[in-house]
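Data first, discussion second: the structure below is written as structure tokens.
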């Protein structure tokens, strides 16, 4: 059989996707098949050896593996995006709750402030009207 025949392939197909190195550590080169069974068909092969145990891989197999990996990555990305969208919705709900709590705290603080001012006004009015204090003492701090 001529090298590059699709039947009885004894060459090692290692990793998925585009190969960069053979198992022997040599670079991989792309070739065009000259066989009668696969004329013009592209393949990757160890640039050092055609012997069994060295890399041989058809380009369309590599492309198929790459497409399948991309499809899997896309599915995984879609799952991650959906999870992140759910987290975003949870964060938005928490932000709305925080805004509502902040509004309530501001209202309570305003009520407390108004009450404190009213008590202070009552104390001052009481001292002015019912205590025998010289007005100069209140205003100027003198006796």
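Cβ from N, Cα, C; glycine included.
Record features, source TrEMBL:
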COILED    67-108  coiled coil
DOMAIN    22-62  domain 'GRF-type'
TRANSMEM  110-129  transmembrane segment
With a Cβ cut-off under 8 Å, give me the same-chain residues at least six positions beyond the ends of the coiled coil (67-108) that come close to it.
16-17
I'd like to know the mean pLDDT over the coiled coil (67-108).
96
Going by DSSP assignments with H, G and I as helix and E and B as strand, what are the residue counts for the domain 'GRF-type' (22-62)?
4 helix, 15 strand, 22 coil
